[in-house]
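Over in TrEMBL, the protein carries these features:
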type	residues	note
ACT_SITE	30	active site, proton donor
ACT_SITE	172	active site
ACT_SITE	265	active site, proton donor
ACT_SITE	286	active site
BINDING	389	Ca(2+) binding site
COMPBIAS	498-507	compositional bias 'Polar residues'
COMPBIAS	511-523	compositional bias 'Pro residues'
REGION	498-542	region 'Disordered'
């Protein structure tokens, strides 16, 4: 709107007065979409404010961004659950109360990826985005067999506590963030999840162009009610390009607006009237947001007329001396002394943008701004803004500017520019190029082009000599050759791996290389130089009369084992026979480098040698007996039962843990602490465990936990049944819901 002075005044008030360590319980969901999202949007838009003092690293750093990071960090302990889905409430000072209920609504789990993803892209810290994606993945895996999700879920167990499925209250922004998150961060996985839900919604929840509430497991209708929050759905469909379907749904919703002037919270689809106790209108923005997206997509003036009618209804029906009040009942327009914050943050903003068609938010990419940043030059404000569910706009260009992907893309482009060959891109066989040489004079061509001779395809002497050298090196490659059997022995080819000699260990055969053979090898073709074969190589001789002893048959302990060993030896003989036949055919074809049989023989010898060595080593290893194991376990149990070191300070037990299997070390530590360290500081030392006095209440810090979730990549969340949760460097005890 251009009110730069008010923007700067509000920023100064926030930076000077906000306390992120206040002892107050806040909604994780609301703090994210309103506080974190608002600070991110203000940080992004501050570059358009005249006279605004920007940080040197803007948009990748700045005080508003730092404050957003602090608030988001305060929310992270809520995600420290067994499933990765967050608790609903957190204390800014102390963390999550150990008695906090793990049940939260579906939207409270799946409405973080826009804000947390923007934080990660702007700051370079990937944990925020990973944590949000982890929660989304856990929620997606918790859907029912027919592809629907319920309304409330236990974030510790992953079990649904409210199984009504719909697109309204408690679920709406989850679907919204799947679509918007996929578009903003170019994540096809999120869009695919949205499409999966859309298919299930259209099959079970949609009734013509209305959406009811059904059972998430059976699909039967439970509440034939339209909720005003459902009006976001056409807008999301418009964002992903399904304009026709979105138009049909929104025009259906206009029937309610024309009946009451505004949209009541609940509308009974069977009786065509408002529902009891839910007939109010708290100035919600969902209908207007969908109008904005569809008007931008279609330019249909119908949406302007409907929006103007809503403006008149709000102006004449809700305006008071101090603002605009919530309508308690749309049937008689009785008012309630309350104005929701989303009226100014969303409803009025969308209405303003709907009628201000020249606003910079509507930029279609034809204009932009180039700025210098620590990451190099960046193009920003090119349009494509994505609004979070509280109507705070996020500029995707700024996220890209600060992300690591920009640096990767620059490297790829530079590499492409360095290696591109424009001449190779010209296709001289293209009919558009034929006859062009007749229309050109040599004076029209540059000196470089005149020097090119495209009529002949000749190879330079340097390239020819290089190819010849490579071929010569290839021909001289050192290969092991296996001689072919003579025609008289082709029908019964037997190649020994090695002769064996028994060792002191039972059932172990150690291969001994055969003596050098004097059998002459076939003379290779003189056109190809073959390397000489060493006379001492174990593969140089082939004796057709000696059987292959890959596995010794005499050491078999049973008839079944003997049969298996015979079977393996036959398979080896068949394998070698086939390999020699293959080599023979290749040699006949002129390829004397084929040596498949030799390679297989060498592999088998290596495997046998390794196996023999392993048997030798394993025979020397001591196998622990059950008696030794019992003695070791008894020793450890005795050590663990010894009294540990504990000090009494202000009536609170503080254990000093020293894990050790050594009783002497444990006693030595007791002496050091009791007679030296603790005594010097006049601390009372107590042998053995002590308990907290019953009249001493726990400290407030002990009622909360502040551990943040550990993220190792984006992995699937699990539902473990262990009583401890592991984190890098620590081991935190976990109390079950029953113990709570």
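Using N, Cα and C of the backbone, Cβ positions are placed for all residues, glycine too.
Every protein chain considered, the tally of other Cβ atoms within 10 Å of the Cβ of residue 265 (active site, proton donor) stands at 22. The Cβ of residue 172 (active site) has 24 neighbouring Cβ atoms from other residues within 10 Å, across all protein chains displayed. The residue listed as 'Ca(2+) binding site' sits 10 Å from residue 172 (active site), taking the Cα positions as reference.
Among the active-site residues 30, 172, 286, the residue whose Cα lies closest in space to that of residue 265 (active site, proton donor) is 286.
Rounded to a whole number, the distance between the Cα atoms of residue 172 (active site) and residue 286 (active site) is 10 Å. Summary: among the active-site residues (30, 286), the fewest other C-beta atoms within 10 A of the C-beta are counted at 30. Residue 172 (active site) and residue 30 (active site, proton donor) have their C-alpha atoms 14 Å apart, to the nearest angstrom.
All protein chains considered, the CB of residue 389 (Ca(2+) binding site) has 26 other CB atoms within 10 Å.
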